[in-house]
Every structure is written in structure tokens, then in C-alpha cells.
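Database features, via TrEMBL:
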type	residues	note
DOMAIN	A:38-429	domain 'Aminoacyl-transfer RNA synthetases class-II family profile'
BINDING	A:ASP134, A:LEU135, A:THR136, A:ARG162, A:GLN176, A:ASP180, A:ARG335, A:TYR339, A:TYR340	L-histidine binding site
Protein chains: 2
Amino acid sequence: MESTDVGSTQILHKEIKALANEIRTLKDVKRNENLIRENVCTIEKKPLASHESQRKFEIRCPRGTRDYGPQDMALRKQVLDVVTKCFKRHGAVTIDTPVFELRDILLGKYGEEGGKLIYDLSDQGGELLSLRYDLTVPFARYLAMNKTVMYLKRYHIGKVYRRDNPSRGRFREFYQCDFDIAGSYDLMIPEAELLRIINEILSALDIGAFEIKVNHKLLLDGMFAVCGVPNKDFKAVCSSIDKLDKLPWEDVRNELCNEKHIHNDVVSKLETFVRLREHDSSLTNLDLLNWFEKDEATMKNNDIQKAIFEMKQLLEYCELFGILSTVTIEPSLARGLDYYTGAIFEVVLKEFSEKTLMENDNAEEETRSMNIGSVAGGGRYDDLVSMFLSKHKVPCVGISIGIERLFTIMKEKSKMEHVRSKDTQVLVASAQKKLLKERMKICRLLWDNDIKAEMALKANPKMLDQMQYCEEHKIPLAIIVGERELEEGVLKLRDVPSRVEQDIPRDNLVEELNRRLKHLQ
Amino acid sequence: MESTDVGSTQILHKEIKALANEIRTLKDVKRNENLIRENVCTIEKKPLASHESQRKFEIRCPRGTRDYGPQDMALRKQVLDVVTKCFKRHGAVTIDTPVFELRDILLGKYGEEGGKLIYDLSDQGGELLSLRYDLTVPFARYLAMNKTVMYLKRYHIGKVYRRDNPSRGRFREFYQCDFDIAGSYDLMIPEAELLRIINEILSALDIGAFEIKVNHKLLLDGMFAVCGVPNKDFKAVCSSIDKLDKLPWEDVRNELCNEKHIHNDVVSKLETFVRLREHDSSLTNLDLLNWFEKDEATMKNNDIQKAIFEMKQLLEYCELFGILSTVTIEPSLARGLDYYTGAIFEVVLKEFSEKTLMENDNAEEETRSMNIGSVAGGGRYDDLVSMFLSKHKVPCVGISIGIERLFTIMKEKSKMEHVRSKDTQVLVASAQKKLLKERMKICRLLWDNDIKAEMALKANPKMLDQMQYCEEHKIPLAIIVGERELEEGVLKLRDVPSRVEQDIPRDNLVEELNRRLKHLQ
């Protein structure tokens with residue numbers, strides 16, 4: 001096994017394949033052992049479970065993943081209904097892509113850090129595959145594959161996968177909810193609609209005041225250039241600046257000077273720009289933009305001037321859309337992803353206390369770059385599609401909503417109200433034995449009439465159990481069948497919360513139920 | 001690399017780990033090469049895409065997977081709405097589980113064939129993981145993990161993964177839609193509700209007549225015993241019998257005698273049982289069950305007697321639920337999965353021609369055991385949960401609906417009707433230039449009033465393009481802003497299909513739109 005003398009990637013590939021083959025062979029031996037064991041079980045008519053004790057099964061989800069139970073799912077649906085309703089109000093369509101992609105599609109899209117977190121599938125003979133890391137790259141791949149689609153306003157809600165450290169409270173499988181507008185449109189109009197959408201969603205969810213921080217990739221680039229940051233260090237500096245909402249300036253300064261070896265003078269110049277708001281909290285958005293237009297150093301930089309012009313345009317549109325009060329231009333906002341080319345956004349809840357989030361959400365970190373209170377982030381990425389297909393230019397802007405974070409917040413909120421996990425309207429019960437068939441007939445009648453009904457799936461259920469079931473699941477009505485009622489051609493209808501009962505002629509049952517249910521809504 | 005002398009699994013494990021480490025090291029070297037290349041690009045300010053030509057990217061989905069575009073998604077939603085509405089009518093809740101499971105959880109659950117099709121994730125250090133193969137095993141794992149949940153009526157719609165051969169027209173990623181009832185209930189009551197549910201769904205989808213074939217694991221076991229099939233060959237014989245709806249008896253006979261070396265006499269005895277319906281098509285369900293009760297050979301077999309008793313009970317309940325006419329007892333039905341313990345089902349469309357399915361569906365084979373026209377299958381599996389946690393007995397019965405097959409059928413059906421992929425009700429258009437801000441104001445007003453509205457995201461869109469957009473996406477109404485209208489305080493409202501236009505006072509806009517939209521529904 002001497003592979004230290006690495007020549008070309010080809011040799012490496014061969015080497016890897018040989019190793020993989022080796023592993024496959026070894027696994028086959030193991031698999032055969034299992035098969036033999038299974039066959040022995042079959043011959044001896046023993047259930048497979050009999051060797052469970054030897055195997056020492058661990059009955060759990062993989063690290064960093066979890067099941068969603070019925071309550072969680074009901075709450076999730078509530079949130080997703082609000083979100084998708086808003087997307088549809090804006091004429092968006094939805095698409096779905098496979099959970100895994102060809103490995104080459106994902107390579108080199110997520111920077112050094114992100115790339116390490118990609119889940120690879122085993123080489124079981126065939127293609128090299130990886131689980132998707134986000135929904136943006138698959139979307140760009142979709143646009144590159146469907147060349148006739150030059151315009152698309154789409155949302156996508158799906159799971160993404162990151163081999164992050166679960167002990168640091170990060171999930172390895174979580175939902176993302178992306179909204180993107182693809183197409184050559186006019187300056188800042190799609191951006192304005194995007195911000196309008198996030199406004200509508202957060203308002204509808206009613207989770208308190210929020211702030212949309214806006215910056216521009218060209219402003220960042222321009223600032224770095226003006227300050228004298230070497231080109232090769234742009235990314236590194238960007239990722240340090242990005243930490244400013246979590247760390248005090250001194251820590252960021254330290255990182256820049258000592259870890260990233262940026263010159264002291266450069267860092268001091270940078271400080272002026274990124275701490276503008278900190279030093280003067282009275283600055284309006286326009287004040288801030290004007291400052292850059294008037295500052296001697298920045299007024300000559302073309303990138304900065306372009307960024308300022310575009311952001312002014314965006315502010316104007318935001319005013320027309322009635323959302324200006326939620327927007328804050330923030331020169332220190334520097335989202336980590338490499339592919340942004342224009343405006344960048346981050347949405348932060350103002351009122352939700354850090355403590356609540358830390359306590360309840362310590363594992364629901366949707367994106368690595370997401371800060372405490374952050375619920376959405378995005379920006380313009382005009383060159384991603386052409387990374388897949390050069391000369392095919394489809395400019396895009398999008399936002400990813402931290403839907404897991406929103407679930408957590410809504411879960412916290414809903415502690416006051418009960419979220420029903422099932423919609424059953426009527427339980428068909430009986431007080432006496434041997435009435436299974438009668439209950440079945442009534443259920444059939446109700447289902448035929450689109451009434452959400454259940455019955456105990458036992459021949460002779462206890463009355464108490466049936467009533468407890470109603471209360472546990474907040475089923476508002478119960479029909480109670482008894483010998484007397486059968487003889488008289490009636491059914492007892494019980495209002496579960498008040499326990500008030502009333503005889504209903506059997507022929508009027510559906511009508512009466514519909515009347516009551518309409519009332520209950 | 002001498003590993004032929006295989007001692008224990010432990011040694012193998014160590015060996016595998018060492019190899020994996022080796023591979024990891026090699027990959028790191030390769031990754032560094034990529035990083036260096038990226039950094040060179042950054043320094044030279046070249047876009048990453050520049051080495052695309054060298055890389056020879058393939059822009060496509062992995063083999064056996066595909067994207068769902070907006071049209072597909074709209075149709076899928078239509079079908080899923082029908083299905084989930086029915087599940088909820090029966091008081092079902094839903095859960096969600098991770099896409100991958102610990103490898104041990106899946107091992108030994110899918111027979112020899114199934115096991116080979118499981119997707120493994122790479123060993124990137126940590127747990128050994130595999131993509132889920134179905135939704136049933138994760139459900140059983142969920143029940144074993146949540147010991148207090150002794151009763152659960154749940155549905156789960158999610159993607160499953162099988163490394164099947166795409167060239168044989170099989171997808172490797174596809175949706176499954178499972179409904180299961182877990183809990184100790186009384187004989188055949190949950191089964192009857194299950195069959196009622198599948199009846200409701202197929203009737204609501206309106207895709208023609210269907211037949212629910214029913215058999216019982218104990219009838220199969222009993223028949224095999226009575227015929228003298230050796231215990232060790234039960235599974236093998238079962239999988240041959242399972243092919244009877246695709247192959248003529250002679251082929252199955254050949255396979256049994258020549259490939260599986262079952263004795264000729266045994267196969268002839270078997271023939272009597274499994275071809276009962278073929279030989280006498282006038283047999284009613286009850287005739288058939290009575291036949292087994294009266295036959296000299298089968299009347300003494302306890303398994304068979306139990307199966308007959310249970311199926312008679314099921315038929316009685318099906319009658320009460322009004323679905324008896326769709327049920328056929330079929331002694332040759334033998335679904336492949338190992339874990340069934342009681343009643344088994346398969347639902348087949350009667351009218352959908354084989355040809356249509358073959359032409360349009362050649363890649364939508366949901367389950368390996370699914371036959372032409374088959375749209376659902378399932379059965380009772382009382383021991384699966386205790387395979388994970390011995391002594392924890394949670395009996396289950398479930399059905400898996402071939403939702404991809406249903407999508408295909410509905411897609412075929414919908415060719416006559418257009419399925420809208422977006423819900424937009426109003427396009428806010430302008431006839432002249434420089435009216436962007438006016439359009440924005442109107443959009444804001446409509447969104448504020450929950451009207452689904454869009455505008456062209458361009459400063460000066462062409463009138464023709466805007467009207468084409470309406471027609472392409474079946475947007476029923478358009479508001480047209482012009483200089484004249486602005487001066488007169490009105491807006492032109494256009495009915496897109498008829499092209500009839502009318503001036504509306506601006507103040508009445510929302511009211512008038514709501515009136516029109518109500519009319520349009």
C-alpha cells in the first residue's frame with residue numbers, strides 16, 4: 001500500500017477504485033455470513049428476531065436526525081400552509097428534485113467548509129452520488145438542464161443534508177424552504193418582490209417585529225478594495241466580517257489580524273465602514289448610502305457606486321410595496337456563500353429573545369451562517385447557472401426561509417393553544433356490547449357523506465375508553481348507539497365538551513351532524 | 001493486502017476501517033488539488049466556471065431519478081389532496097422519518113433480492129447508514145422507539161430508494177404513500193377499514209373499476225404444507241406463485257420444477273389450489289372459502305381453517321362497509337415480502353389497459369412485486385415491531401398505495417384538461433412605458449387583500465407579452481394601467497378569455513375583483 005507518490009488524479013482514481021473493490025469483496029463476505037444466518041433461521045423456522053440479542057441493535061435515528069411525530073407534523077403543516085399560500089399569492093410554482101445529485105454537480109459550490117459537510121453515497125458500482133446540501137444548486141442545475149426555461153418563479157420545500165457536528169446542536173437532515181426568481185428582469189424589481197414576500201409571511205405568522213438587513217456584494221468588494229485587502233483574502237475577510245452580529249468587533253479584529261494576517265491599517269480602515277451603524281445609530285438608510293457617495297475614498301470606487309445606486313432603487317420599490325420600515329441597509333452583512341453577485345439579505349427577529357431560542361432551538365440551526373434570531377437569508381446569484389452551462393445566463397435571486405427555526409418558534413407559541421393532530425369530527429361509539437355492526441353501518445353512512453368519523457376498532461369497547469379518546473383528541477361530537485336507540489330508530493348525539501346529549505332520528509343524522517359541524521367551525 | 005484468511009467480523013471491520021481511512025486520505029489530497037485550483041481562480045479573478053470545459057460536467061439527474069416540473073407538481077398535488085383528504089376522513093395522523101436509517105435497522109428485512117438494492121452511504125467516519133427502502137420498516141422502528149405509542153393510525157408520504165436497474169424502466173427514487181393501523185384491535189376490523197379507505201380513494205380519483213384481491217398468509221402456508229412443500233422452500237415457492245398474474249401456469253410450473261426443484265407431485269397438488277378461480281370462474285368468494293372447508297386435504301389443516309374463518313369475517317365487515325363487490329378472495333395471491341403474518345391484499349385496476357400503462361408508465365414501477373394494473377398492496381405484519389424490540393408486540397396492518405402509478409394514470413387522464421401549475425388570478429399590466437410604480441402600487445393593494453396577483457418584473461414590458469403570459473398561464477383577469485385611466489381615476493379590467501374590457505373606479509377595484517373571482521370559481 002504505497003500511495004505516497006501521488007502523480008495524477010487518474011492514478012488516484014484507479015487506486016481508489018481498487019480500494020473500493022477490496023472493500024466490496026470484504027463486504028460480500030460479511031453479507032454472505034448474514035445470508036447464511038438468515039437461511040439457517042428459515043430452515044429452523046426461527047424468527048429472524050431470535051438473533052437480536054447477539055446483534056445488539058440500537059433502535060434510534062441516525063445522529064443529527066429525528067422523527068416528526070403527529071403533533072410536530074400538524075404544527076409543521078400550519079406553518080407550511082401560511083408559507084405556501086403566500087408563495088401562491090405571488091404566482092409561484094413549485095418543483096421537486098432528487099435527494100441526491102451527481103457528486104460533480106455539488107463540488108466546488110459551498111466553499112472549503114461546506115464541501116467537507118457533504119454526504120457521499122457509497123460507490124456500489126455506478127455513479128458517484130452525494131446528498132444535496134441545499135436547494136439552490138439543484139435549482140441552478142434544473143435551469144441548466146431545462147434550457148427553454150428562462151423565467152421561473154418557484155418555491156421548493158425539501159430536506160437537505162449536512163454532515164455537521166450534532167454535538168454542537170446541529171441537525172444533519174433538515175427542511176429548507178426556498179423561493180427564487182430566475183430570469184433577466186429589470187434592476188431590483190425581483191428583489192423587492194422577494195422582500196415583500198418575506199414580509200407577508202412573517203406578518204401572517206405573527207411572531208413579532210423583524211428586520212430585513214440588506215447589503216450588496218459589490219459594496220463589500222468595493223470596501224475591501226478601498227481598504228487595501230488583497231484580492232486573495234476577500235473570502236477570508238468576508239467570513240470574519242460575517243461574524244460581527246455574533247461577536248464583538250475586538251474578536252473579529254483579532255481574527256483578521258492574527259489568524260488571517262491582514263495588515264493592521266487595512267483592518268482599521270475596514271472598521272470605519274462596517275461599524276458605521278454602530279457608531280451612529282441615528283443614521284437612516286439614505287444617510288448611510290449618501291455617506292458612501294460622499295466619502296472621499298469610496299466615491300471613486302465603481303463597485304461601491306453601483307451598489308449604492310442599486311440599493312437606492314431597491315429602497316424606492318420597498319416603499320411602494322409598503323415594507324420600507326422593515327428594511328435596514330447594513331454594510332457589515334456578509335453572507336458566507338461564494339455565489340452571490342448582487343444584493344444580499346438576512347432577516348432577523350427583533351423581539352424573540354435569544355434565551356428562548358437557545359433553550360428550545362439548540363439543535364435547529366438551519367444554515368451554518370444563520371445567527372441567533374435569523375429566520376431567512378438570501379441574495380442575487382447571477383452566475384450559478386452558467387457554472388453548469390457556460391454561455392447560458394439565467395440571473396437569479398432567492399431567499400431561503402429558516403423553516404425549522406419557524407417551526408420551533410411556532411411550537412413555543414402554540415404551547416398556549418392545543419394543535420390538533422387529527423381532524424376527526426365524530427366518534428361513533430356504543431354503550432353496550434355486540435353493537436359493532438351497528439357502529440360500522442353508521443361509519444359507512446358518515447364516510448359516504450364526507451364526515452370525518454372514527455370508531456373504536458374493537459368488538460366491544462368500553463364506554464369510558466371511547467369518551468376518553470374523544471377528549472384526548474378533541475373530537476367535538478360523539479354518536480352513541482344503544483339497544484334502546486336502535487328500537488326507537490334514533491341515535492344519541494353527544495356534544496363532547498358540554499356532555500349534553502340529545503336523541504336524533506336516524507334519518508336526520510347526516511343533516512343534523514352537518515348543521516352542528518358548520519356551527520363548530 | 002492479505003485478507004483472505006477471514007476470522008471474525010471484528011477483524012473485517014478493522015480492515016474495512018483501515019481501507020476507508022486510506023481512501024479518506026487519498027480523497028483529501030484530491031480535494032486539496034481542487035482547493036488550490038479554486039484559490040488560483042480567485043487570485044486570477046477568473047470565475048470557477050472557466051475550468052468547466054476541462055471537467056466535462058454532465059448536467060443531468062442521477063440515473064433512475066428525475067425532477068418534477070411545475071406541471072407534474074400541480075398534478076401530484078391534485079392526487080395527494082384526494083388521498084390525504086380520505087386518510088383524514090378516517091382520523092389518521094401523519095409522521096415523518098429521516099431519509100436514511102442506521103444500516104442495521106434495514107438489514108434482513110427485505111429478503112435476499114431486496115437487500116441487494118439498498119443504497120448505502122459512504123463511511124465518512126461515524127455511523128453506517130443506508131437510504132430507506134420503504135416506509136414500513138421505518139414505521140416499525142418508530143413504534144419500537146416510542147414504546148408508549150401502542151395505537152396509531154398513520155399515513156406517510158415520502159420518497160424511498162432502491163438501486164434497481166433503470167434500464168429495466170425502474171426508478172431508483174420514488175414516492176410511496178403508506179397507510180397503516182398499529183395496535184391490538186379485534187379480528188379483521190382494521191383490515192376492513194383499510195379496504196374501505198382504498199375504495200374511497202380509487203372511487204374519488206375516478207379511474208375506473210378496480211378489484212381488491214385478498215389472501216391470507218396462513219392459507220398459503222397451509223396449502224404449501226398440505227401439498228408437501230418442504231418448509232425450507234416456502235419462500236421460494238411463494239415467490240414463484242406470486243408471478244401467476246404475469247405468467248401462464250406452465251411457466252410457473254417450469255420454474256417450480258426445474259429451477260426450484262420442487263417435486264412434480266407437489267406442484268400438481270399446488271396447481272389445484274392456486275388455479276381454483278381459473279378453473280371455475282363462477283365461484284363466489286364464499287364458494288371458494290367453503291371449498292377449502294370441505295376439501296378433505298385442507299379441512300384438517302389448522303392454518304387453513306384459521307385463514308378461512310378470518311377471511312369470512314373480513315367479507316362480512318366489507319359488506320357492512322359497502323365495498324363487498326370490489327373484493328375477490330384469491331388463493332394464488334402471494335406478495336413477496338417476508339414480514340406478512342395475516343391477510344394480504346393487492347388492488348388491481350380492471351379497465352386500465354395494459355398497453356396504456358406500458359407505454360406511459362414504463363418507468364414508474366413502484367414496487368418490484370407490482371403487476372401491470374396494480375395500484376396498491378399490503379397486509380398484516382404482527383411481528384415486525386418485535387424484531388426491533390423483542391417482547392414489545394404491536395400488531396400492524398397496512399397498505400402501500402402506488403402513488404407514482406396513480407400520478408401516471410391521472411397524467412394520462414388530464415391530457416384532456418389543462419392542469420394549472422400556478423394559481424394567479426390577476427395580472428397587473430400596463431399599456432404604456434414608465435408605469436412600473438403604478439403597477440407596483442396596485443399589486444401591493446391586491447396582495448394586501450389576499451388576491452393572487454402578478455406583474456411583469458420589467459420596467460417597460462410589452463403589452464403583447466403580458467397578454468400572452470395571461471393566456472399561457474390561464475390567468476383569468478388583467479388590470480391594465482394607462483395614462484388616461486390614471487387621469488380619470490379608473491383602471492381597465494380585462495376578462496382574458498373573452499377580451500372584454502371595462503373601466504372600474506380605482507376605489508372599487510378590490511370589491512369588483514372579489515366579485516368577479518367569486519363568479520369564476
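All residue numbers here begin at 1 and follow the chain in the order shown.
Cβ atoms are placed via backbone N, Cα and C, with glycine included.
Under DSSP, A:GLN176 (L-histidine binding site) is assigned to a strand (E or B) in the three-state scheme. Taken residue by residue with DSSP, A:TYR340 (L-histidine binding site) is part of neither helix nor strand, so it is coil.
Around the Cβ of A:ARG335 (L-histidine binding site), a 10 Å sphere holds 21 further Cβ atoms from the protein chains shown. Ranking the binding-site residues A:THR136, A:GLN176 by how many other Cβ atoms lie within 10 angstroms of each Cβ puts A:GLN176 at the bottom. In this set, none of the binding-site residues among A:ASP134, A:THR136, A:GLN176, A:ARG335, A:TYR340 has a C-beta falling under 8 Å from a C-beta of chain B. Residues belonging to the domain 'Aminoacyl-transfer RNA synthetases class-II family profile' (A:38-429) score a mean pLDDT of 88 in the model. Long-range neighbours of A:ASP134 (L-histidine binding site) (same chain, six or more residues apart, CB within less than 8 Å of its CB): A:TYR110, A:VAL160, A:GLN176, A:ASP178, A:SER400. When every Cα pair among A:ASP134, A:LEU135, A:THR136, A:ARG162, A:GLN176, A:ASP180, A:ARG335, A:TYR339, A:TYR340 is compared, the largest distance found for this L-histidine site is 22 Å. The secondary structure of A:ARG335 (L-histidine binding site), as reduced to three states from DSSP, is coil rather than helix or strand.
In the three-state DSSP scheme, A:ASP134 (L-histidine binding site) is classed as coil.
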